[in-house]
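Novice: One structure follows; several queries about it will come next.
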Amino acid sequence: MSEMDRLITDLEVPPPRKTSLMFRLKLLMNVAVNNTNPRTIAVGEPSWVRGDYPPNEINNCRYSLVTFLPLALLNQFKMFFNIFFLAVAVSQFIPSLQVGFIFIYFAPLAFVVSLSLIKDAVDDIQRFLRDKKANAERYHKLLPSGEAVEIEAKHIVVGDLLVIEQNCRIPADCVLLHTTEKSGASFVRTDQLDGETDWKLRFPLKTTENLTNAELGVLRMNLRCEDLHKDIYKFVGQAQCSRRQPEGVTLENTLWANCVLASGTVVGAVIHTGVDTRSAMNAAKAASKLGLIDLLELFIGILCFGILVVLAFLLVVQQGFQGSWFVMFIRFIILLSAIIPISMRVNLDVARVWYSLVIFRDSVIAGTLVRNSNIPEDLGRLSYLFSDKTGTLTKNIMEFRSLQMGAQFTLQHRDVEDFQQALSVFFASRGGEGRVSTRGIVGFSQTQIKEVGTAILCLALCHNVTPVTHEDGNVEFQASSPDEVAMVKFADSVGVKLLDRTLKKIVLRVTCDGTEHTLEYEVLKMFPFTSERKSMSIFLRDCQTNQFYFFMKGADVKMITVVRKCDWIDESCQELAQKGLRTLVFAQKPMTESDVKAFLTAYEQANAVMGDSRPVAIESCMQTVERGMDLVAITGVEDQLQDDVTNALETLGMCGLKVWMLTGDKVETATCIGRSTQLISRQAHVEYLLQRSRAEIIDRLDQLRQQYDPLIVGDYLSTKWALITDGTSLAICLEDDIQKTTSRKHLQTLPVLQTPVARCSPTQKAAVVQTIRKYSPNSVRTAAIGDGGNDVSMILAANVGIGVEGVEGKQASMAADFSITKFSHCLRLIMWHGRNSYRRSCHLCQFIMHRGIVYSVVQAVFSVLFAGSTMSVFNGYLLMGYATVFTMAPVFSLVLNEDQREDDVCEFPQLYKQLIKARSMNMRSFLQWVWVSFFQGGVMMTLSLQLFGDEMFQIVTIAFTSLLITELVIVAGGVNFRILWKQRRTHFWLFLLAELFSILAFFIAVLVLPDTIDKTFFFSASFASKVAIISIASIGPVFVFWLIGKYILCRPQIAKLKEDW
């Protein structure tokens, strides 16, 4: 039988998959449909029916054409303001409740809802266009003839064979069948999947690696896949061709969607499409975050509604409950409904767009992006900041620093000459009887020279680094970890250079007495590093001596279990960690050829096992060789600190933020980095929570609380301290049944400490944030900052997520609410932009609330003085103009205001700390504005009626003009013109322009609406004097009380700070 005949021999065809009606309906309604069942894919079988596998389309739209109006309207009418005004507008169809034109009540609601619908529609159309562009990308599909034809990404289906070229995005999850790379493996870039920029090696199936495209085109293969899940680091499958032994398919044989092929041209068989791909399943849509201002807005709305009900009830009481008093009660609610600030939502949305634009245009923090414009105010009320370490506080740029080969034998990175001399003797003696000459080398024994040579060989061989030569001749090292690159570069600096690395061999060039020699090693099997095993290992054959070796490196907690008993591992690792170095332990084990063959056979059998038992079988197989190994060395690698990170952390602490550092490194490393970054101040007492039992942890927390609670005075602590814990202790603290008993007690102490958490997994990082949020008041805002894919869960769990575009890629940046280029930029983002956004939005909400209450009080006084009349004091045009054209521009221009000089905000972090106390907008401030509104509304209407009540038409003119001038003056009184003139002169002129626009718009309305305003009276001297008297009477006392409170009873905070300074 020929090779071609053998390839096309029939296999059993999997049963067809039918498309259900429910599947079609869900697709129509834009509902993600995952097929989680195990699947067997018939590659090369045209008759196989694929059925209900999802289409290979990217779909980030929130709505479909069918669901847009129902769902968008439903989202709009979840809000209290919209529901209330909808009820008011609908009530005007009932004759007994009608108090004005229907248009007057429907127009504001329709305007607000329409703007929101248009915004949703524009956002969704933009998503659709982006998706359409991605779905139209063209790829090549391999036909049975061996030819490749173009196909759009959205038309790719399960079972297709794709030809993917270098630097192309992988459109669907595939199993790698063939690569053109000489090394027999291709690299992929996974930064958009797991956040890591380092290239990953992927290997084709052994069954298909040597087949041509023509042979692959007619290949008949069944691919069995495990149950669908979203773990990107795990895959269990099996490939079966006719008359061949089944081959296990692992993660190393896969190409996940949205990764980029970095080398060669490959052929892959599609196994998952659309929402079934690992990328789509891990791109969990972040829950819509509700900002603190949104909660306060709802709070204000409910309080205003309460005031409305009270006013309406009092008006009914004033009538003595005569007649249909309940109908009158409803009519008064409708008449005074302007007290509910329906325009607040629109104003806040537009303000947030402005805040985002200001942040984007800030040259001091260039590159900062706002990806979620709904929560910029939350930056001004942060209480906790949870930070990753590697790549966030540090640069993730590794430098080799130390190599320890014995309890008393350590060499540093600067001892290059010592290394070179020892290596020269070591390699000169290779091939002898193991004896080396120490002549000419001072301070090294024969044993130490051998230890140095063996250690450097381990660094140069035990890794997953591949040298890549670019067109300009420069060599770049690609690896899954920057630690490995640092070690390979160090080996190169002392004379052991990595020349070549393929799937089958490693070639080194060593320098011995000025002469260069080449060493070649055959790669028998390599096991990449995984977070579960915390190690990587490799089987090699020395081509010069034909000796077999098993090299392994990993974390100390793993390596202690595989090396022979040694009493200096723990002490050495702790010593290096205390210097802030990342440690790895290296070990080796000589092997015989028969031992290696036996292991590889057993491993292939374990790897062919299907289902959840495969990892267990593989681990059992690995344990046969991972024991009794010889300890070679312990390395120390330094991760450089980010620029200005120390100043940023120190200043954030002065702002009142509690900073937690969550890292996967050792406790000692976390402590050292905490010290060097000033996260742990020099004067602070360091306490540890490293217990291993539930009872011990609870006792320890109680002990700390009893020790430090008496030292808390208000918001200050007389003795600074920091708590350091690790993932094991943290996991116990996060158990559901003890959270309730420990978290509340612990949180009493947390506001006065900084907490580095070591050995913390990505899941635990998110759990920490969730626990703090769960057991803290709603007013406590948390932020999380990170730079890698492993930080995404933490970023999504916080109220505010900040992503750093770093060495590990952009996944954290893309998932975050705010994206920055380095950690120190978060200081200005929080202190300046966050503070301004919060204060501006607070003032905006308060003035909008004041505007509505003042009018409602005017109307209420009018109704009282006119025997409980439900007639509106102003006609519909004036009422609509008052809330829109006449006052909208000045009120909105409050987003241009700055209450403090920029230099003062940066110099005195205590200005930010005051915001955490929520004094800018709380019940007290609300009642103050209510008092001002009632006073001004009552004075205006009473004086208009009692002193100048000659004619109703003139009363309306006087009252409305006084109301408008009062509002404009009150808004202007809230602006700091001196600061705007000095540092934001453009904002100064814009605010004046907004005030002039309102006045001009009112004058135009007087001219074009003669039935609304008495034009003759309006331009008389009598009118001007009466309006001046009423305006002064309503504004003057308020400003007198404001001046007394600000400059006599309470001095300005900045003056106190400067005096103390």
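Cβ coordinates come from backbone N, Cα and C, glycine included.
Grabbed the feature section from TrEMBL, which reads as follows:
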TRANSMEM  100-118  transmembrane segment
DOMAIN    141-278  domain 'P-type ATPase A'
TRANSMEM  295-317  transmembrane segment
TRANSMEM  323-342  transmembrane segment
ACT_SITE  ASP388  active site, 4-aspartylphosphate intermediate
BINDING   ASP388, LYS389, THR390, GLU484, PHE529, LYS553, ARG582, THR663, GLY664, ASP665, ARG759, LYS765, ASN790, ASP791  ATP binding site
TRANSMEM  853-871  transmembrane segment
TRANSMEM  926-949  transmembrane segment
TRANSMEM  955-977  transmembrane segment
TRANSMEM  989-1009  transmembrane segment
TRANSMEM  1029-1049  transmembrane segment
Novice: In whole Å, how far does the CA atom of GLY664 (ATP binding site) lie from that of ASP388 (active site, 4-aspartylphosphate intermediate)?
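Specialist: If we compare the Cα positions of GLY664 (ATP binding site) and ASP388 (active site, 4-aspartylphosphate intermediate), the gap is 9 Å.
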Novice: How about long-range neighbours of the transmembrane segment (100-118): same chain, 6 or more residues beyond its ends, C-beta under 8 Å?
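Specialist: Contacts with the transmembrane segment (100-118): 72-73, 76, 81-82, 85-86, 88-89, 92-93, 334, 337, 342-343, 345-346, 349, 872, 876, 879-880, 883.
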Novice: If you draw a 10 Å sphere on the Cβ of the residue listed as 'active site, 4-aspartylphosphate intermediate', how many other Cβ atoms land inside?
Specialist: 29
Novice: Tell me the Cα distance separating ASP388 (active site, 4-aspartylphosphate intermediate) from PHE529 (ATP binding site), rounded to the nearest angstrom.
Specialist: 21
Novice: Roughly how many Å lie between the Cα atoms of ARG582 (ATP binding site) and ASP388 (active site, 4-aspartylphosphate intermediate), rounded to a whole value?
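Specialist: Distance between the two Cα atoms comes out at 15 Å.
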Novice: Which residues of the chain, 6 or more past the ends of the transmembrane segment (926-949), have a CB below 8 A from one of its CBs?
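Specialist: For the transmembrane segment (926-949), the far contacts come to 300, 303, 307, 846, 849-850, 853-858, 860-862, 865, 873, 955, 958-959, 962-963, 966, 970, 1026, 1029-1030, 1033-1035, 1037-1038.
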Novice: Return the count of C-beta atoms lying within 10 angstroms of the C-beta of ASN790 (ATP binding site), excluding that atom itself.
Specialist: 23
Novice: Restricting to the record's ATP-binding residues (ASP388, LYS389, THR390, GLU484, PHE529, LYS553, ARG582, THR663, GLY664, ASP665, ARG759, LYS765, ASN790, ASP791), give me the longest CA-CA distance in Å as a whole number.
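Specialist: The span, Cα to Cα at its widest, is 26 Å.
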Novice: About how far apart, in whole Å, are the alpha carbons (Cα) of ARG759 (ATP binding site) and ASP388 (active site, 4-aspartylphosphate intermediate)?
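Specialist: Rounded to the nearest whole number, the Cα-Cα distance is 12 Å.
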Novice: Helix, strand, coil: count each for the residues of the domain 'P-type ATPase A' (141-278), based on DSSP.
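Specialist: The domain 'P-type ATPase A' (141-278) comes out at 19 helix, 51 strand, 68 coil.
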Novice: Counting across all protein chains present, how many other Cβ atoms fall within 10 Å of the Cβ of GLY664 (ATP binding site)?
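Specialist: Excluding its own Cβ, GLY664 (ATP binding site) sees 23 Cβ atoms within 10 Å.
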